[in-house]
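Comments concern the structure below.
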Amino acid sequence: MESVKIKTANYFYLLILVLLSTAGGYVQLKNIFSGLIITEFGFILLPILVYLFAKRYDVKSILKIRRIKISYILFAVIIALVGWVVSEAISVIWLFLAGRWIVVPPNPIPAPENTRIFIEEIITVAFSAAVCEELFFRGFFMTAYERAGSRRAIVMSGIFFALLHMNPASIPAIAFLGILFAYSVYRTGSVFMSMIIHFVYNFMSVSIMKLAGGIEQQATSIPLESAIAWLVLGVMAFLVLVKLLKKLDAVTKPEYKPAVGGTADFLRCSIGHWPIVLSIILIFGQIVLLRVFKF
């Protein structure tokens, strides 16, 4: 059956952005944990499932729900651990370079003070986000953009994944992660690969927050020494990550889809399409408001 169109993915991106910015914020203010569950399953996953079933699409094919080899799971865990170091390095360097112009929104996730809260955060922050966000971005969204070529789909999946988080301090790091997630799905053909990487990454973040006692707001002033240390660590981790991905490349045979159409045509039907234009305006509008009013 015919795949989802790029324009359809763009419409759903705008819909999800609006839901997250309105109803999502409301339910999370009421209760952060139940609010996150409602946000992930109700506002991100449910709309695309309703659409796919209503249109009688091959849901498993569109969302890339395919079994993966047991050996890939170990790859995914190690990639997540090394990728976490690289993403942290990117965040630190980005804040060192641009921190004076960035207002970081306070972390809505409280520090896990006990085992019960820790488990709640693993379920909401790690599990539900890994499942729902990957099914949308590396399943629905990436499949649609593969019409224009595999490379374009990987990059756009990562960029729009980062923008939807609406955190100016984390956009470069999350874009890197999104591209990493997308590449793992491209190589294996299964969204379960990126789900595992995403889950392990978020699990690490929650665990470190618990060990550190929680950080209310990420620092935007980074000392030069810290930036240099993280730069060195990040480069080393990136080199390790490249080797890991080459090993993954050696044991996988993806279905490569060449670029279709020129760059101008692709940009016109992607970032030039009105739902994406409006989405970008809304996202950066919220970032500017955060800067002006320092919420």
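Cβ atoms are placed via backbone N, Cα and C, with glycine included.
As annotated by TrEMBL, transmembrane segment applies to 12-29, 35-54, 74-97, 117-141, 153-186, 192-215, 227-245, 271-293. What TrEMBL records for 122-204 is domain 'CAAX prenyl protease 2/Lysostaphin resistance protein A-like'.
Assigned with DSSP, the residues of the domain 'CAAX prenyl protease 2/Lysostaphin resistance protein A-like' (122-204) fall into helix, strand and coil as follows: 75 helix, 0 strand, 8 coil. By the Cβ criterion (under 8 Å, sequence separation of 6 or more), the transmembrane segment (12-29) is not in contact with the transmembrane segment (74-97), since fewer than 3 such pairs are found. Counting Cβ pairs under 8 Å to the transmembrane segment (192-215), the stretch among 35-54, 74-97, 153-186, 227-245 with the most such contacts is 74-97. Against the transmembrane segment (227-245), the recorded stretches 35-54, 74-97, 117-141, 153-186 differ in Cβ pairs under 8 Å, and the greatest number is found for 74-97.
Averaged across the domain 'CAAX prenyl protease 2/Lysostaphin resistance protein A-like' (122-204), the predicted model reaches a pLDDT of 97. Same-chain residues lying 6 or more positions outside the transmembrane segment (153-186) and placing a CB less than 8 Å from one of its CB atoms are 13, 16-17, 20, 64, 76, 79, 83, 86-88, 90-91, 94-95, 99, 102-105, 133-134, 137-138, 141-146, 193-194, 197-198, 201, 218, 220, 241, 245, 248, 254, 257, 270, 276, 279-280, 283, 286-287, 290-291.
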